[in-house]
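For reference, the structure discussed in these notes is given below.
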Amino acid sequence: MVMKLTRTVSVAVTGGTGQIAYSFLFALAHGDVFGSDCGIDLRIYDLPGLERVLSGVRMELDDGAYPLLQSLRVTTSLEDAFDGIDAAFLIGAAPRGPGMERSDLLKRNGEIFSLQGSVLNTSAKRDAKIFVVGNPVNTNCWIAMSQAPRLNRRNFHSMLRLDQNRMHTMLAHRAEVPLDEVSHVVIWGNHSAKQVPDFTQALISGKPAVEVIGDRDWLENIMLPSIQNRGSAVIEARGKSSAASAARALAEAARSIFLPKDGEWFSTGVCSDYNPYGIPEDLIFGFPCRMLPSGDYEIVPGLLWDTFIKNKIQISLDEISQEKANVSLL
C-alpha cells in the first residue's frame, strides 16, 4: 500500500549519537510525532569527531525502510542542520559529571545553547518550533530563545513531559486504575529537584486526585519527592540517565502540539511573557497548556494554588531566576 503524504516537514535533531536521540529518531521516522501522513526531511547533528557514529545511525534508519523519511542527512554543521527547518529537537548537551556543580553545568551548556540559538536565528524558519531536552533544560531553552530574536518566543519549549508521565503513572498505580483514568496532570516550574508536581489539579476517573487517593501525606511526602528525584534514582539503578522514557516523552510532548487531542492538558516549559499567574516575564517556566483551534497554545488559566503548592512554586521560581542570573553573567 502506497502511503499518501499530505505535507513534508524539515526537522533537525541534535545530539544525534546519544542515547535519547537513538530512541527518539526511530519514533520520529515511524510517524509518532507528525503523524502517518507527514513526510520528514531529517537532519541529524552531532559534534565534529562523531562522523563515524553518525554514519552508523544513518545506516540503521536507512535499514529501517521508513516510508515517511523523504530525505536524511547527518552533519556536524549546525548551519546545515538548521537551514530552513520547521522544527528542532535540541537533545545534545554537556552531561553532568561526577562532582560537577549545577553552576558548572550551566556555564558549559550556556556556550552550547547560545551558539545553537544564534544559528537557529539565522537559519531556521521564523515560525519553527524548538524543543529543548538537554539539561538544565529550562535555562538552556531560555539561552537559545534569547539568542534567536527573529523566531517566535512562544515556539520555544523545554521538556517537562517526562515528569508529567512519572506523576501520571504514580497516581494511576496508587489509585489502582488504568492510566487513561488519570488526567489534568500538571508540572509547574523548573525541570529539576525543585519542580512542582501539582497533585491538587489532577483528576482520577473525573474526581479530584486528592479525594480519590485520600492520603495527603503520601502525595506531599512520598509521591512529590519521588518525582522530583526520579532522574537521580534511574541513574543510581541503571548507571545511566533516562533515555528510552525521555525519548518517548519528547515524542509525546511534540505530538501534543502538532497533533493535539481535544481539551488535552500538557505540561511544558514556555516563555512566561503575559502568563496569567504572575510569574515574572522573560523566563522559561513550566505551565499547564492546551492547544487552541488556531494552532497556538494557551496556558490553562484560573487554576488555584493552595499554600503548600504556592510555596513550592516560589522555590522553583527562585531557582529558575537564579539560574538565569548566573548565565546572564557569563
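In case you wondered, yes, glycine gets a Cβ from its N, Cα and C as well.
The feature NAD(+) binding site is assigned by Swiss-Prot to Gly15, Gly16, Thr17, Gly18, Gln19, Ile20, Ala21, Asn109, Gln116, Val133, Gly134, Asn135. As annotated by Swiss-Prot, substrate binding site applies to Arg96, Arg102, Asn135, Arg166, with the evidence given as sequence analysis. As annotated by Swiss-Prot, active site, proton acceptor applies to His191, with the evidence given as sequence analysis.
Overlay of Swiss-Prot annotations on the structure.
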residue : record                       : DSSP class
Gly15   : NAD(+) binding site          : coil
Ala21   : NAD(+) binding site          : helix
Gln116  : NAD(+) binding site          : helix
Gly134  : NAD(+) binding site          : coil
Arg166  : substrate binding site       : helix
His191  : active site, proton acceptor : coil
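Gln116 (NAD(+) binding site) sits 20 Å from His191 (active site, proton acceptor), taking the C-alpha atoms as the reference points. Spanning the residues Gly15, Gly16, Thr17, Gly18, Gln19, Ile20, Ala21, Asn109, Gln116, Val133, Gly134, Asn135 that the record associates with binding NAD(+), the maximal Cα-Cα distance equals 20 Å. In this structure, the binding-site residues Thr17, Gln19, Gln116, Asn135 were compared by how many other Cβ atoms lie within 10 Å of their Cβ, and the smallest count belongs to Gln19. In terms of C-alpha distance, the listed recorded positions Asn135, Arg166, His191 place Asn135 closest to Ala21 (NAD(+) binding site). Annotation for the recorded positions Arg166, His191: lowest Cβ count within 10 Å of the residue's own Cβ, Arg166. Looking only at the recorded positions Asn135, Arg166, His191, the one with its C-alpha closest to Gln19 (NAD(+) binding site) is Asn135.
In terms of Cα distance, the recorded positions that sit within 10 Å of Asn135 (substrate binding site) are His191, chosen from Gly15, Thr17, His191.
Looking at Gly134 (NAD(+) binding site) and the residue listed as 'active site, proton acceptor', their Cα atoms lie 11 Å from each other. Under 8 Å, Cβ to Cβ, and six or more positions away along its own chain, Gly15 (NAD(+) binding site) finds Ala21, Tyr45, Asp46, Leu90, Ile91, Gly92, Ala93, Val133, Gly134. In this structure the alpha carbons, written CA, of Arg166 (substrate binding site) and Thr17 (NAD(+) binding site) are 25 Å apart. Around the Cβ of Gly134 (NAD(+) binding site), a 10 Å sphere holds 25 further Cβ atoms from the protein chains shown. If you take the Cα of Thr17 (NAD(+) binding site) and the Cα of His191 (active site, proton acceptor), they are about 23 angstrom apart, rounded to a whole number.
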